Amino acid sequence: MAKTKTAYFCQNCGAQFAKWVGQCSSCKQWNTVVEEVVQKETKSSWKQTDTSVKRTAKPLRISEISNDKEVRLNTKDGEFNRVLGGGLVPGSLTLLGGEPGIGKSTLLLQMALKLDLKVLYVSGEESQKQIKMRAERIENNTDNCYILTETKTQHIFKQVAAVTPELVIIDSIQTLHTDYIESAAGSISQIRECTAELIKFAKESNTPVLLVGHITKDGNIAGPKILEHMVDTVLQFEGDRNYVYRILRSLKNRFGSTAELGIYEMFGNGLREVTNPSEVLISNAAGELSGTAISATVEGMRPLLIEIQALVSSAVYGTPQRSATGFNVKRLNMLLAVLEKRAGFKLAAKDVFLNITGGISVDDPAIDLAVIAAILSSNADIPIEKGTCFAAEVGLAGEIRPVQRVDQRILEAEKLGFSTIYVSKANKIGLKHTNLELKLVSKIEDVVGELFG
Ligand code: TYD
Ligand code: MG
């Protein structure tokens, strides 16, 4: 019998130690190191039969490698395809992370039910009956989706061989366990080993595999960081559970851009793609109420108009409060300091609250000018004229800085019926003709003068 070998792993970062330590020297967390059995056996490939003939890969000149365009698998979900960079790549491993209850299982089951391909949906979390109940809630028009409740990888591969699916979905990687390792499901070594087996399966059979991954309370995908290195694509499903909007982002993508963004709306009968995000994210109240401003942002390749709300009120306590949802508080503090210094606003004695509506978060710097406009509008209690939007970054000297893809932002604003857009004077505008009135500004003072002067 093979000698059982054990090692100590940090459950937080996945670092390996030869003996137990109280503090992980790699991530500095206390009490996260546990003993796990790493049983090294000679193991066969995911396909137990095929061990004898092994083709060995030969190095090729890059010009010799055939570049037949990889046929991507259309997931029939426009948003998902976009985030992946045009569909699933055969033989790729995609990890979908997100908080519990955000809708990961719903998203993948819904996709599985929409596809004409043969899909194997393996769940270690819900029974077949429970999945059937979920499937009945959402639109369901295929009979090609097989549901399997199983957590042992060896059994899963046996079923895969029987069903020969064209897409495999695993919900979730943390529930899987393999015979080759003795530690509990969800432990570092189990996750690492199961993922390695799945990768081998995906690459050898050229079947795409979608994995669901849980995230820890600080927002990282549970398990070792190495999991993210092993897979080809890491997607994150996020949003505020109290809002209907869900955002799909890609954090890593070997086959496409990571700047793309997919937006969904959660209904009682599943997720719906939001194809006109700008329209749903803007309320009609803008232009009538003080403290709201519209920003023309770009997320990935897609222009997105979003509404920013600010509330400025007198501070009750000595230290004024600054709070922001969907926007970086540090950036808010910086913008407030710029306003104080360059535009002479006495905001130090005011509480400032900022909110990006729809529960989405934005990190496009072009949102700065709209944030400032919303704050000024709330401070003065004067609404910003209807039909006005903003797209510019604000620098520390109070200068209005140019942003990229300004033409795209202008076109989107025009499409949604806006009449005026504030952009930086330094921005090169390539558009020959636009119905929008372009306000070219270079300093914060110009903006204040134009808006409230
Ligand atoms: P779920 O997919 O189970 O989340 P995850 O797998 O990420 O943990 O989604 C659960 C939530 O979604 C639950 O709070 C109910 C809601 N939901 C709907 O609003 N409509 C639906 O059609 C479904 C299936 C779920
Ligand atoms: Mg789930």
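Heads up, the Cβ atoms here are built off N, Cα and C, so glycines get one too.
Cross-referencing 22-26, 252-256, 317-321 with TrEMBL places the feature motif 'RadA KNRFG motif' at 252-256. Checked against ligand 2, the binding-site residues Glu99, Pro100, Gly101, Ile102, Gly103, Ser105 give Ser105 in sequence order as having a Cβ less than 6 Å away from one of its atoms. One way to see the shell of the ATP site is to take the Cβ centroid of Gly98, Glu99, Pro100, Gly101, Ile102, Gly103, Lys104, Ser105; the remaining same-chain residues with a Cβ within 8 Å of it are Thr106, Phe237. Same-chain residues at least 6 positions away in sequence with a Cβ under 8 Å from that of Pro100 (ATP binding site) are, in sequence order, His214.
Listed in sequence order, Ser123, Glu125, Glu126, Arg134, Asp171, Val212 are the same-chain residues at least 6 apart in sequence whose CB falls under 8 Å from the CB of Ser105 (ATP binding site).
Below 8 angstroms of C-beta separation, residues 84-86, 89, 92, 228, 231-234 of the same chain, each at least six residues beyond the ends of the motif 'RadA KNRFG motif' (252-256), sit close to that stretch.
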